């Protein structure tokens, strides 16, 4: 059996390194490869595996229960047991590539599981609102007899509703598929979770922030507010709101609300998503441990000013 030779460093009198000596080392004395190395290598290898299609089915996203039956090459049922090993399939329920806290992901995953695996099958198989006459998943409109509603017959060339053609079609109620109808119900139910009642004390500034996942609508109930946002070209847009006025802050842009009056103001804020991901600009910069020197260079000031700002933000 051949021997392996490696050169090692030997400390000479504690001052220098003697690299001239060579020692015979057997293969058994090599440092072992850690399990993490195998795991990282396995993850990298998985990315090189192509998506192979057999019988027009993707092996990375298959229904194992269907393949265990004799007629496995025929697709039946709802396909709820399909398991995907592609990362885009695993995290597709989030609806956003942005990272979010684990409790938010768990909340979305739990709600989706109840919606897809419990509520929707019960609504379909119990024939709720004649659900079994239509496909369980479709974005089309249907008549009561299960046929598709021809939308092109009731709109003109400008995609406007043709009232005469609509009346000619007769008072035929329209139906949605189970998944589409339940998605509408879920969407309207989530709107109530995005409403926030906000009280602005006199002289109070709602800290500069931005919502990367949703636009925000602000409806002023009482008092007055000065609001504004800055677009990507660093242009400031401001407006003085009076009771009954509304203002929309576009998604992802830095905005603020300021009550300069001597009386308090109240408003109702609504977001376009239940997970708006609001980010406070002052707290993100001065309360997350970023080094004072870095902030001083970024704002072209000194560290004393940065520490003064930190102390003011830490006050109750």
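Placement of Cβ uses the backbone N, Cα and C atoms for every residue, glycine included.
Of all Cβ atoms in the shown protein chains, 24 besides its own fall within 10 Å of the Cβ of residue 216 (oxalate binding site). For 216, the entry in TrEMBL reads oxalate binding site.
With a cut-off of 8 Å between CB atoms and residues at least 6 apart in sequence, the same chain places 208, 209, 210, 216, 227, 228, 229, 230, 249 near residue 255 (Mn(2+) binding site), listed in sequence order. Annotated Mn(2+) binding site per TrEMBL: 216, 255, in sequence order.
Look at TrEMBL and you will find 164-307 tagged as domain 'Cupin type-1'.
As annotated by TrEMBL, transmembrane segment applies to 36-54 (among others).
What TrEMBL records for 75-96 (among others) is transmembrane segment.
Feature annotation from TrEMBL assigns transmembrane segment to 102-125 (among others).
Taking H, G and I as helix, E and B as strand and the rest as coil, DSSP gives the domain 'Cupin type-1' (164-307) the counts 40 helix, 50 strand, 54 coil.
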